[in-house]
Every structure is written in C-alpha cells, then in structure tokens.
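Below is one structure, written out as structure tokens; comments come after it.
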Amino acid sequence: MADKYSTLGREIYANIGGPNNVESMYHCMTRLRIKIRDNSKVDIAGLKNIDGVLGVVDADTLEIVLGSGVNAKVAQDMVSQVGVKENEEFPTNVTNDYQSEKSEVQAKAAEVHAQHKAQLKQTWWRKALGHISAIFIPLIPAFIGAGLISGVAGILKNMLTVKMFPASWALGVTILSMISSALFSYLNIYVGINTAKEFGATPGLGGIIGGVVLLPGIVAPVTIPNFLDGKPY
C-alpha cells in the first residue's frame, strides 16, 4: 500500500499533466519546484485542493508549498517513480496513467451523481411546479413593469379625482392606463407562447390560444368603483 508521500506525489502528477509534462524538478526549504513543459495541462485549482498542499505559486517555475520535511520526501518519491534525480531532465515517453486515472474518477463521480438525481422521487406536484416555473418565471420582469405602470396610473387617477392635479393631466393618465392594459393583454399571449414551448406545442398556436381570452365576447365587462367617491372608472 502506498504511503502518504507516494499518494501525494501521484495526486500532484495527476494535476500537472503527468510526468511527461515535467521538464525538471527539485525542492527547497518548504516548496517543490517544478519546471512545466505545457502550462495549459496544469490544474491549479486541483493542486490547491490536494490534502497536504499548503499553497501553489503559479510562476515560471511551478511552486507547490508542502512544508519542511514533507517536500523532500515527496520530491524523492516523484523522481524515483520516473527513474531520474532532482534537477535532471525528465524523459518525455514515461508510461503512466495518472491523467487517465483522474479522468476515470471524475467520470465515475459524474455517473454516480446522475444516477442519484434519477433516483429522486418525482411527485406530480413537483412536476407541476416545474412546468409553472418554466412558464411564468421568464415573464416576471414584464409582470413587475406592467404592475408598476398600472399602480402609478391608478394613483394619478385618484389624485385627479380629488383635484390634486389639474385636469390637463388627464391625457397622460389615460395614456398610462392604455399602456398598462396593453401590457397585461400581451402577457396573456406570452403565457400561451411559453406554455406551448413547455409542452412541446407550436409557440404561435399557443400565443393565439392565449389571445382568445382577450375577445370581448369572452371577457365580461367589470366595473371597478373609485374607492374615494364610489364612481366607476
């Protein structure tokens, strides 16, 4: 069974592209200094996550902080695996499976994660909430904008009723009310479009079905009284 220094060395090799990507290596007081052939193969984040690595300095020479004593033993183990000595040039035809082992582990982890997600119980209400979210969440900004415009128009209309503003403001309030009504009307169409997309139907057909509710024969006229004087809007 490999000791902790051998394991640490193999993990370092796995995150720097293997021995074939090393030009030379030596250690100082606390660091392992590695001259890399191709820096694009080095996984700095992976190195930092290795248990036993205290830090990584990505410079012309890759510096891996291991601590005094540990660095010497790890360096000796790593060069011994390749059959060279410290500061000697590494061969480029080293037979190794460091990178393939890392890829296999990552692939296996992804497979297990996918299986775990597939095993989660998908109840009917979770599916229903998923469909509702997919339909309405993209429209939240539009709902907020239409609601704000409608609210401002309603406040101004009430202020006009109690004569807090001159009658010349009536046209602007009417325009705001028209914009608000138009936005809410088109939201019906977009709800139909999103619903059709979610269930695999034709978006255009969904928009038409959503627009059907705007027909005067379907929408009954509703009179909303003004809460200040009781008169209908």
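Cβ atoms here come from the backbone N, Cα and C positions, even for glycine.
All annotation found in TrEMBL is predicted automatically rather than curated by experts.
Here the structure is a predicted model, which means the values were calculated and not measured.
According to DSSP, Cys28 (active site, phosphocysteine intermediate) is assigned to coil rather than to any helix or strand. Residues or ranges marked as active site, phosphocysteine intermediate in TrEMBL: Cys28.
Residues of the domain 'PTS EIIB type-1' (6-88) grouped by DSSP class, helix first, strand second and coil last, total 34 helix, 19 strand, 30 coil. Taken from TrEMBL, the feature domain 'PTS EIIB type-1' covers 6-88.
For 128-149 (among others), the entry in TrEMBL reads transmembrane segment.
Annotation comment: TrEMBL describes 169-193 (among others) as transmembrane segment.
Annotation comment: TrEMBL describes 205-224 (among others) as transmembrane segment.
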Exercise for the section: Grab the pLDDT values for the domain 'PTS EIIB type-1' (6-88) and give me their mean, rounded. Expected result: 88
